[in-house]
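**Student:** According to TrEMBL, the transmembrane segment annotation covers 12-36, 56-76, 88-108, 156-181, 193-220, 240-262, 314-333, 353-374, 386-406, 499-525, 537-559, 589-611. The annotation domain 'Major facilitator superfamily (MFS) profile' is assigned in TrEMBL to 19-616.
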Amino acid sequence: MTERTPLPGKKYKLSINMFVLLMVLVIAVQGTYLGYVVGMLTTLEKRFGFSSEKSGWLLSLYDIGHTMAILLIGYIGSHYHLPRITGIGVLLSSLSMFMLALPVLFYGTADYTQEQLLQKKEAYAMEMSCDLEGRREISSQGEDCWREHSEHTNAFIILAFGQLFAGIFAAPFNTIAYVYIDSNVKQKRESPFLLGLLTSMYAFGPALGFLLSSILNGVYTTLGDAPDHIGTHDEHWIGAWWLGFLFCGTAYLLLAVPFFFFPRTYKHPDSFHLMLEHSRPEVSPEDRLSFKENIELFLREFPMVLKKLLSNKVYITMVIAWMFGSYLIGGYQTYLPKFIETQYGRSASMADIYSGIISVGAIAVSTALGGWILSRYNIAPRSSIICLIGSWVVILVSYIVGMNLGCSQPKVEGLSYVDYADRWHFYHNQEREQECLEYCNCETVLKFDGVSSNGHNFYSPCHAGCTNYDPFSNTWSNCQCVYGSAVDKGLVHPECDIFFAYLAVMMIGLFIGNLFFMVTMMIVLRSVFDEEKVIALSLASFITNLFGFIPAPVIYGFFIDLCCILWNRQCPNERGNCVLYDNDKFSKMFHGVNGFFQIFAIIFAGICYWVSKSVKLPEEMPMQEFPESREREYRDEDEE
């Protein structure tokens, strides 16, 4: 049976637009899920007792799975029906979402009954109060620590596999689907706008995820009434973490079906791509390779394909520039909520909202607009590289300005800077030298639970000399270091009105700086021949993930930890998490590291432009010569 070629015109355009619309929705769901997981991490830690380290592993497993699969999917997928491969990925992604919600079936929605919650609050009062009778010991607190951090190992395993599978099954989204659109558009000038529209959803989607996590964190996990005297700000409140995964899984499931009804190609009868296909001998269904044979072919041919791509100077220099540019997402965006929260004293939820505003208002809108500009004015590949370099210089300038728009950190009683040691110290275990703490036994308090009164901050209620705790209102009173009055939960930050100036600078800088980010993908696709596009884009994503997105959180986390001046010791002999940073050092370190990677991105983009001037891109070859040159190339490879 002869495969029918779709007619050009409105039917063709509608079909391509349908595929693009579906992919926009799929990537929106994917981005929503990625943002939702980050927004729900604290809830998962509270519900299942995960440590911060294990929470970090949950995030990394997605990128690890994606990196593992992307090369294999890209190579094998190029031999099959691209829309159906994409549809299978969407369908399996829905199963991974349902898998992430599975622990709620095995372990229930809530962990504590009303009586258990009251018992925990009594233990908390004993742990944090001014211990005038000297009954509290570090050793007993260690036992409490062990109980509180006992992990539901099976729940972690389920969530870990769910994250890993989610990364693996999403491999076709930003490789195979992108190549299908780029190879089938009627005019090449339309491609940057369509691909830019898809890429912008990777910034817009997480903002939806943060919004969804914010909403569901306000819904109690049982979907019913919470226990008495437990509010959303209580440490024992558990949000409906599992519901968001069900939403994403259902959305994936509904979107998967249409992909199986798209044809293998929508190429125009007079198109260059169809001429190339007709120049090759037809392969009968009986002669087509099986999946196993394709795997064997991949293992046999991939080293040669890899060598060929890595020797393509335009391709590899742009991939390296793309890799360094990815630190904007993998590093800056990942830690931006933490930076806003600690630097400007915003709550965690408001920090997420402001980060979402930057994601949508700057990065998402900018990427889509940049793709439209490239398409509307049909900017040539080499000229577009110049535009990319100029926009990245603007990002670098915004980092330099941003590092000087910080605020001072809160002052905590007992915390002082020692000049000769260039270090911060907290009391030196000399709390008893303070008159109001002489008999409080505060050196046995490990955990941070900041309180404040009249502008004075204290490490814990004990360090404020508090003796009375009301478990129903969750308040401390009779605090000797504030003349017997009550204290408020949380630290008081010094007044600083520079936040919105910082927000404006970064939004403008990132908006202009991301206008031409799609150039990276466009040059990767334009620097290789059509049959190489899938594996070329897959290899580019592999390199970007392996050397960009995966190590970025670790690298940034290391440098940010260097700025910590007060640690929350959750357990004896453990450092715990940071609760107070040297804000001036944090601001300069955070933006300095970003600027360092941005400089390398600009350098390699410049090298790519310089190299591209001395070579001819595939699309610049005369159409009548192209099949002959490719045939000659294949013949030379066979002779070797």
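From the backbone N, Cα and C atoms, a Cβ is placed for every residue, glycine too.
Have a look at these and tell me how they're positioned relative to everything else.
**Tutor:** Panel annotation: around the transmembrane segment (12-36), residues 6, 62, 83, 86, 90, 93, 97, 166, 170, 173-174, 177, 180-181, 184-186, 194, 197-198, 201-210, 212-213, 244-245, 248, 251-252, 255, 258-259, 262, 266, 268, 356 of the same chain, lying at least six beyond its termini, place a Cβ under 8 Å from a Cβ of the stretch.
Note on the domain 'Major facilitator superfamily (MFS) profile' (19-616): mean pLDDT across this stretch is 79.
Within the same chain, residues 202-203, 206, 355, 358-359, 363, 385, 392, 395, 510, 513-514, 517, 520-521, 523-524, 527-528, 536, 539-540, 543-544, 547-550, 552-553, 555-556, 590, 593-594, 597-598, 600-602, 604-605, 607-608, 611-612, 615, 617 sit at least 6 positions outside the transmembrane segment (314-333) and bring their C-beta atoms closer than 8 Å to a C-beta of that stretch.
Sequence-distant contacts of the transmembrane segment (353-374) (same chain, at least 6 residues past either end, Cβ-Cβ under 8 Å): 35, 189, 192-197, 199-201, 203-204, 206-207, 210-211, 214, 329, 333, 336-337, 340, 346, 384, 391, 503, 506-508, 510-519, 522.
Outside the transmembrane segment (499-525), and at least 6 residues removed from its termini, the chain residues within Cβ reach (under 8 Å) are 178-179, 182, 191-192, 195-196, 199, 314-315, 318-319, 321-322, 325, 328, 340, 344, 346, 354, 357-358, 361-363, 365-367, 369-371, 373-374, 381, 384-385, 387-388, 390-392, 394-395, 397-399, 401-402, 405-407, 533, 536-537, 540, 608, 612.
Tertiary neighbourhood of the transmembrane segment (537-559): same-chain residues 56, 59-60, 63-64, 66-67, 70-71, 73-75, 171, 174-175, 178-179, 306, 309, 315, 319-320, 322-324, 326-327, 329-331, 334-335, 521, 524-525, 589-590, 593, selected by CB-CB distance under 8 Å and a gap of 6+ residues from either end.
Among residues of the same chain six or more beyond the transmembrane segment (589-611), those with a C-beta under 8 A of the stretch's C-beta atoms are 313-314, 317-318, 320-322, 324-325, 327-328, 331-332, 335, 339, 382, 385-386, 388-389, 392-393, 395-396, 399-400, 402-403, 523, 555-556, 559-560, 562-563.
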**Student:** For the transmembrane segment (240-262), which recorded stretch in the set 56-76, 88-108, 156-181, 193-220 gives the largest number of Cβ pairs separated by under 8 Å?
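**Tutor:** Comparing 56-76, 88-108, 156-181, 193-220: 88-108 has the most Cβ pairs near the transmembrane segment (240-262).
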**Student:** Answer yes if the transmembrane segment (56-76) and the transmembrane segment (193-220) have at least three CB pairs under 8 Å among residue pairs 6 or more apart in sequence, and no otherwise.
**Tutor:** no
